[in-house]
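See below for the structure under consideration.
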Amino acid sequence: MEKIAVAVRFRPSIAEETSDRQWRIDDNRISLHKPLGTPISGVSFAFDHVFEESSTNSSIYDILIKSIIHAAIEGFNGTAFAYGQTSSGKTFTMNGSQADPGIIPQAVRDIFYTTHMIKNREFLIRVSYMEIYNEEINDLLSLVNQKLPIHESLERGVYVAGLREEIVNNADQVLDLIKLGEEAVDRIQYLGWAHIPYRDSKLTRILQPALGGNAKTSIICTVAPEEVHIEETKGTLQFASRAKRITNCAQVNEILTDTALLKRQKQEIEELRRKLQGHHSEVLEQVILKQRNDMHKSELECEKLAMELEEERKSHQVLKLRIEEQQKRIDCLNELLSSNQASCSIHENFHSDSVSEEMRSKNCMSENNIFATPTFKAMPDHFVMKRPNHSKGHVLSPLPVNFTNIANEDLWEQLNDGFTTNLDALQMTPIGTDLQERTTMERSQVDELKEQYAILERKCGQLRDENSSLAQTLSLSKQDAVLLRAEKEELVRDLNYERLKMKDLKAAIRSFSLAFAERECLLNSLYSTSKAMIENYSSPRFSD
Ligand SMILES: Nc1ncnc2c1ncn2[C@@H]1O[C@H](COP(=O)(O)OP(=O)(O)OP(=O)(O)O)[C@@H](O)[C@H]1O
């Protein structure tokens, strides 16, 4: 006979308040005090352990839970649960945080660590996970198992019928299952004392063996230290005091005789055989087959994507080259444009008499290359003449329609736009028809060049358009490539995940088969031993 271990844990205070009354902890005693330290009578409780606000989950595990886990490994029933008002720290105590794992992850790791160290015994560890919500029991590992009933039998005691039990081989599998179960819950309040009456609830029934039955039990009552929660805290402490009076009678579950062991082994082997040959193995095989198919599909998808990516890369390369080529052509045209602009400005300053061969060749105006200089600036409307020796400033006038060999005063007046001059001071006169021919020829050349310039400008515009559309295509292709790469990475991740799942399944089947083979061996040996014993007993020596 032994008492239930009851501990109280204070969570750190959330509110910064000045309180009239406060809880005081002295060793394992909790009492309520007035501001000046006077204890309030009748509000004092003693427990097995009281954990202050600064306590850690790991210290709680070591002091309160570890011994239960080790006893369970030895064959006892064990129960540990948290009880307390909302927001008092139940979840924190059970699940904990990354830095301070709660008692569930610690217990799970401890179970596998300890069972691995025991070499002379075999363990079969199964996990189930359920919620009690509004007095209904739901399976968190199988969503089809809802509203499950509570049964009781001589062999199993109180149990939830139809609850899924997963065989597990390591701690991570258990924690993964718990995570899976938590995803199914969108409501972790099992022990909301304000909502579920302590008596008559399904929870009370399930906890029956733990509260006064065949089990070792630890209860962690979580409380909030703030004054505003004093009444709820008192309620929790009263529950804890009642729980402390409960006595359990824990016994190692079964010490089987050879015959009982034989019977039990036979049953287990039958159960395993049924599972292996029946639905369970079929499901596993189907799952493996599906995983394999998915894996092949993903691999094919990956290859396809890789090929597409390669194609995309090649077309990028081609586009890039084309753009570079176009850019070169545009640069070349721009160079020509600027050089021709320069030549046009020189051309504007030509005096009709002073067009020399040297100038012509310098500005690409020789007979041979006149059509090779495409971008000329348009000529001004008036062809102008300059008379350099007449005065310092340039006197410009429109070109007369006809020149003759002799310059008279009228002509000069016409040339100088009404400006009169001393004809004796003139050094030369315009030279008639030759100049006219040259001017006409130059005009037609300039017209042709204008046309060429317009054509080339159009072409340049087209090239620019083409260039920008190629740049657009390139940027779209780049975006496509990024998307394809992301898709590929996701597929690779899926593939790896499927591989891991398949590996786990294979390991589960392997350990399942091993256990099955070992059990069969054991059965056979027990069977032969029993047969030999029976034969021995029925031999004439014993008949006598
Ligand atoms: N011992 C502790 N140390 C640090 N923080 C804690 C502790 N206990 C509780 N907390 C914090 O207090 C808040 C409430 O705790 P928790 O969620 O565990 O309460 P709960 O009893 O599970 O609430 P509910 O019943 O409403 O689900 C959380 O933010 C939690 O991280």
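Just so it is clear, glycine is given a Cβ too, placed from its N, Cα and C backbone atoms.
Taken from TrEMBL, the feature domain 'Kinesin motor' applies to 3-182 (among others). Summarised as a single figure, the pLDDT of the domain 'Kinesin motor' (3-182) averages 92.
DSSP classifies LYS90 (ATP binding site) as helix under the three-state reduction. Within 10 Å of the C-beta atom of LYS90 (ATP binding site) sit 25 other C-beta atoms, taking all shown protein chains into account. The ATP binding site annotation in TrEMBL covers GLY84, GLN85, THR86, SER87, SER88, GLY89, LYS90, THR91.
Among the features that TrEMBL reports, domain 'Kinesin motor' is placed at 195-246 (among others).
Per TrEMBL, the feature coiled coil maps to 255-336 (among others).
Per TrEMBL, the feature coiled coil maps to 439-466 (among others).
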Within 8 Å of the Cβ centre of GLY84, GLN85, THR86, SER87, SER88, GLY89, LYS90, THR91, which other residues of the chain have their Cβ, at the recorded ATP site?
-> ARG11, ALA82, THR222, ALA224
Checked against DSSP, the composition of the domain 'Kinesin motor' (195-246) is 23 helix, 8 strand, 21 coil
Only counting partners 6 or more residues apart, tell me which same-chain residues put their Cβ under 8 Å from the Cβ of THR91 (ATP binding site).
-> GLY102, ILE188
Once the chains shown are all counted, how many other Cβ atoms turn up within 10 Å of the Cβ of THR86 (ATP binding site)?
-> 14
DSSP output for GLN85 (ATP binding site) maps to coil
Have a look around GLY89 (ATP binding site) and count the other CB atoms within 10 A of its CB, chains all included.
-> 20
Cβ atoms near SER88 (ATP binding site) (within 10 Å, other residues, all chains) = 23
Which residue, out of the binding-site residues GLN85, SER87, shows the minimum number of other Cβ atoms inside 10 Å of its Cβ in this structure?
-> SER87
